[in-house]
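Working notes, beginning with the structure itself.
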Amino acid sequence: MKQASKQYIPFQPLQWPNRQWPNKTITKAPIWCSVDLRDGNQALVTPMQLEEKLLMFKTLVDIGFKEIEVGFPSASETEYEILRTLIEGYHIPDDVTIQVLVQARPELIKKTFEAVKGAKNVIVHFYNSTSTLQRKVVFKEDMPGIIKIAVEGAKLIRQLTEEAIASSGMNIRYEYSPESFTGTEIDFAIEICESVMETLGATNENPIILNLPSTVEMSTPNTYADQIEYFCTKMKNREAAIISIHPHNDRGTGVAAAELALLGGADRIEGTLFGNGERTGNLDIVTVALNMYTQGVDPELDFSNILAVKKIYEACTKMKVPERQPYAGELAFTAFSGSHQDAIRKGYEYMAESDTPYWEVPYLPINPADLSREYEPVIRINSQSGKGGAAFVLQHAVGYRLPKEMHPEFGNIVKAASDAFGDELKEEQIVDLFNREYVEFDGKYKLASHSFLEQRELDGTTHTRFEGKIDVCGDMKEVAGVGNGPIDSFFQALAGIGVEGYEFVNYHEHAISRGSDAKGICYIELKIPGNGHIFGVGIDSNINVAALLGILCAINRAEK
Ligand code: KIV
Ligand code: ZN
């Protein structure tokens, strides 16, 4: 790469030592305005067709947007026709305001007013570029010339608005954007906005929306917050304006810029679902809204079925939401790392055991279920996963609660299988692996029949006698043994056919089904002759039998 300092002019931040925003937090939802159908749509390789625009519009309404920029009707016949269909087809609910964009040019403004005829609530959004660079390179105009363009546009808009209100009773509001605001000298931005406000007659009762776009994101997000706070503090007649922000995402910090600009005093946000928009996109409204939600602030937008919204978005825009997109990405609730998986499992256990009203699961800033996302795929198992992850999946899938001591053994089996498979293992594969390795393990010894006899002596001691048949590689052997309980007597019986040297270490059991045919699962840990430990698993409606099956399973696995 070339030497940066010889090629790029660093952004000159505003001097604003009085800034108050760093000490603030977001405590309420802003006014949201979706620009999916305009800024988002103009950035698509194939712009949305009528049906897609209608579906997207309905989706935005269902999410709860009350202000929706529907297009740039003076820019193309298609945009004009779509707007007419929205209005004439009665697709716009009474509590929703449609917004239309237009440049501050007389012929375009007139066409825009024709396009919105008959709509109940409209925001006429007009703009002209104000930045130093645009003035120099594109418009070749000085500051007064740029103010004149805005004021002339405002005069015509006011006149046409008053006529439309008088003739049709439409409710029309104004929005003005000094386009490329972030690259505009801030006092000049204030001056042009104040001139527009005065021309339009903005009042506290009828405020104008002043939209201060980060048309191009030019610096760190704190600089945008400074610009917004400075603007709000220095402008005249602050109460007669709704301060709106419109951050683009050129540096990848559109969401951060929006959040800090809210702290800086903005009242309203323009953005798109999943951040679609020109170049690197607009601000992602889903992320900003759900970030608020995770801080206990009601965003007043409904993303409770985020995957349905994503599906419609992808179908309409032909864009793909990236896998790691916050909240909506396919992998947003997936942890591959073992320590993360362990912590998530403990978090879910804590949520089940405690009666905390709060969401307290490490590594998951939001409850996936709040977005109608399943927590089943929360944990996926690959070769990077730890010992607890596979146990968690098993517990969730089939209710087996492996003792902690068994996690490493099964974790290693899963890891080896994942390495061999070369990919992550799905839940069904993990259950299948467990069944093959333990429950259905086909080894040398099989329990063919059994009976227990419990005897209590006069001195209070008890003995258990085990009698049964064990199939040893197809050869049926009668066995018997006496011990101080079923497990001990079984070990004595096994010694009779030469199975010796195993030491019983531990035993865990729990029910896995309910009712009269309830079954229990038993996890047995044995010390192997020589050294090392091994586990076996048995399932039966009789828990004593489940234990014998578990012992044979462990021995079979040791002798395979
Ligand atoms: O990014 C921008 O500045 C715009 C304006 C038209 C508001 O989209
Ligand atoms: Zn934009």
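Numbers run from 1 along the shown chain.
From the backbone N, Cα and C atoms, a Cβ is placed for every residue, glycine too.
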Return the residue out of Asn18, Asn206, Asn222, Asn282 that TrEMBL annotates for the same Mg(2+) site as Asp39, His246, His248.
Asn282
Minimum Cβ neighbour count within 10 Å among the binding-site residues His246, His248: which residue?
His248
Residues of the region 'Regulatory domain' (441-560) by DSSP state, where helix covers H, G and I:
26 helix, 57 strand, 37 coil
